[in-house]
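Everything below concerns the one structure shown next.
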Amino acid sequence: MAPSHTEQDFGKHVVASRSQARELWSLTWPAMLRNYLVCGGNTFCVALVGWWDGANVAHYDGAGLGKMYSNITGLSIGIGLSMGLATFCSQAYGAGRGNIENAVHLRRCSITLVFAFLLTTVLTVFAKQLLLLLGQPPEVAETSAYFAQVQLIGLPAVWIATAIQTVLDGIHRTRPGFYGCVVATAAQILACWVFLHPALLNWGYIGMAWSTVLSNFIQLFIMVLYVVTQGLDKEVWLSTDAEEESATFAGVLDFLIVTLPSAAMMWMEWWSFEGLTMLVGLLPNATVNLAAHSTLFNTVVVFYMTYTGLSTAVCSLVGRNIGAADSWRNRRLVVLSLGLCFSVSALVSTSLWLCRTEVAVLFTPNDRRVVEVVEQSIMGICLSIPTYGALMTLYGVCRGASLQSSAVYGTCIGYCIIGFPAAWLCGKHLGWPTPLMGVWVGNVAALVFAATWVIILVLRVDWDQISSVNGKSSDQMRDASVPLLGNQHQDEDLLALEEGQP
């Protein structure tokens, strides 16, 4: 008996879903692992400072505060300004115009990074004075400023490496960043060990800053080497029209219009998360609460990396589908990505809750007071993980579809109007349910609102309409007569996937 049309349609749907799921995972795992490596390498280096230079509290605090200051005034700015490349390059790749447009967008990004570096340099040169204005002890302000000033040397390298990797993500090459991170993180840890060990160079806490600088330049070298050896320079930074088109004011403005909302969302989330630490310092019994918060913070950040990697992959696929005028594929992609997101979230959150004592003892085995506070407050990160996962996954959808301008409002409202006031009210004022847990309640409230905002935004997307409006890269949008080259990359990507190519 021949199968019915319904059975045939169901079979086709299953096959298509499996193909998209494999493609999604093939792009997700390298992005996830490179984030884990960066996060893990930095955390281990901080631990080395504690082992070998922790006796001088100003040095240990200088490494922690200096790193945070450099992240806020430097690293986050460059990474944020590179995020617009994901939208432009993925859509250009889907349209078959990556070899024409990617170099233009990369050079426009580079122009914005030059001006950003001037701002970062000023903020870093006067870091000591700014930290003193924020009430930091003079000795800590001095060591933190010195740490940030050394790290400034490596910022251009990591900014450029990030921009190149974002272009490669757009053309579905997420593995180079992973390869680079493996080498760079290993070099960072080895260099930090040599620079800090009392029996070796014994540079103290500043050795961690120099190891980061070395790691940044190695990462850039690996990225450039990969592009050149794989013959991808024409799809990344070479174009006959790039030099002429990229430097125009209108072109740079077009780039900023797309990239600033993406950057603002990341800055808001990143800086607000750092700001929670300052609020914890105002709680009663601040020393114990700060130690417990550090345990929760360092634990949840590792798992957050899962969703930043998933967001990268989703953005690349959504943009590719729109550029190829195949936006209907994004309906299934959204369902698959959310399914992966919530499956991982359920497993991780449940495991953390069941192993809450073990997690607390892992970081502070000799302080029962800190262990008890961690046990009381760990529900905060258990609730943060699924909400952050949903936010980042769907924000990847929004970036790929050029909807970041609408999505960023939810994050701003969530953190500024809901999250921080709720954290202050529940944590500082009411101490409910406990002071530290109250601060995390504010974080969860911000994430719930921001995630709900993007869920509604994505549910309202008319993918058929967005294909005709956004199914072109920025320059094509201004000239509807330029034809798209169709979905030639769909077949190429699936073929490479089946053959196991990177």
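Just so you know, glycine gets a Cβ as well, placed from its N, Cα and C.
According to TrEMBL, the protein has these features:
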- 33-52: transmembrane segment (TRANSMEM)
- 72-90: transmembrane segment (TRANSMEM)
- 111-134: transmembrane segment (TRANSMEM)
- 146-164: transmembrane segment (TRANSMEM)
- 176-196: transmembrane segment (TRANSMEM)
- 208-228: transmembrane segment (TRANSMEM)
- 249-268: transmembrane segment (TRANSMEM)
- 301-321: transmembrane segment (TRANSMEM)
- 333-354: transmembrane segment (TRANSMEM)
- 374-395: transmembrane segment (TRANSMEM)
- 407-425: transmembrane segment (TRANSMEM)
- 437-459: transmembrane segment (TRANSMEM)
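Between the transmembrane segment (146-164) and the stretches 33-52, 72-90, 176-196, 301-321, 437-459, the greatest number of Cβ pairs separated by less than 8 Å involves 72-90. For the transmembrane segment (437-459), the residues of the chain that approach it from at least six positions outside its boundaries are 272-273, 276, 279-280, 283, 293, 296, 334, 376-377, 379-381, 383-384, 387-388, 390-391, 394-395, 397-398, 403, 406-407, 409-411, 413-415, 418-428, 430-431, judged by C-beta separation under 8 angstroms.
When Cβ distances are compared across the two stretches, the transmembrane segment (72-90) makes contact with the transmembrane segment (249-268), since 3 or more pairs at least 6 residues apart fall below 8 angstroms.
It is 374-395 that, among the stretches 176-196, 208-228, 249-268, 301-321, 374-395, forms the most Cβ pairs under 8 Å with the transmembrane segment (333-354). Only residues 6 or more beyond the boundaries of the transmembrane segment (374-395), in the same chain, are considered here, and those with a CB under 8 A from a CB of the stretch are 265, 292-293, 295-296, 299-300, 303-304, 306-308, 310-311, 314, 334, 337-338, 341-342, 344-346, 348-350, 352-353, 356-357, 359-360, 363-364, 404, 407, 411, 433-434, 436-437, 439-441, 443-444, 447-448, 450-451, 454-455, 457-458. Among the stretches 33-52, 176-196, 208-228, 301-321, 407-425, the one making the largest number of Cβ pairs under 8 Å with the transmembrane segment (249-268) is 407-425.
Cβ atoms under 8 Å from those of the transmembrane segment (407-425) belong to residues 261-262, 264-265, 268-269, 272, 275-276, 279, 391, 394-395, 398, 438-443, 445-450, 452-454, 457 of the same chain, restricted to positions at least 6 beyond its ends. Residues 59-60, 63-64, 67, 177-178, 180-182, 185, 188-189, 192-193, 196-198, 202, 204-205, 208, 211-212, 215, 298, 301-302, 305-306, 308-309 of the same chain sit 6 or more residues outside the transmembrane segment (33-52) yet have a Cβ under 8 Å from a Cβ within it. Within its own chain, the transmembrane segment (301-321) is flanked in space by residues 20, 23-24, 27-36, 39-40, 43, 86-87, 89-91, 93-94, 169-170, 172, 174, 327, 329-330, 333, 337, 340-341, 344, 348, 385, 388-389, 391-393, 395-397, 399-401, 489-490, 493, which lie at least six positions past its ends and keep a Cβ under 8 Å from the stretch.
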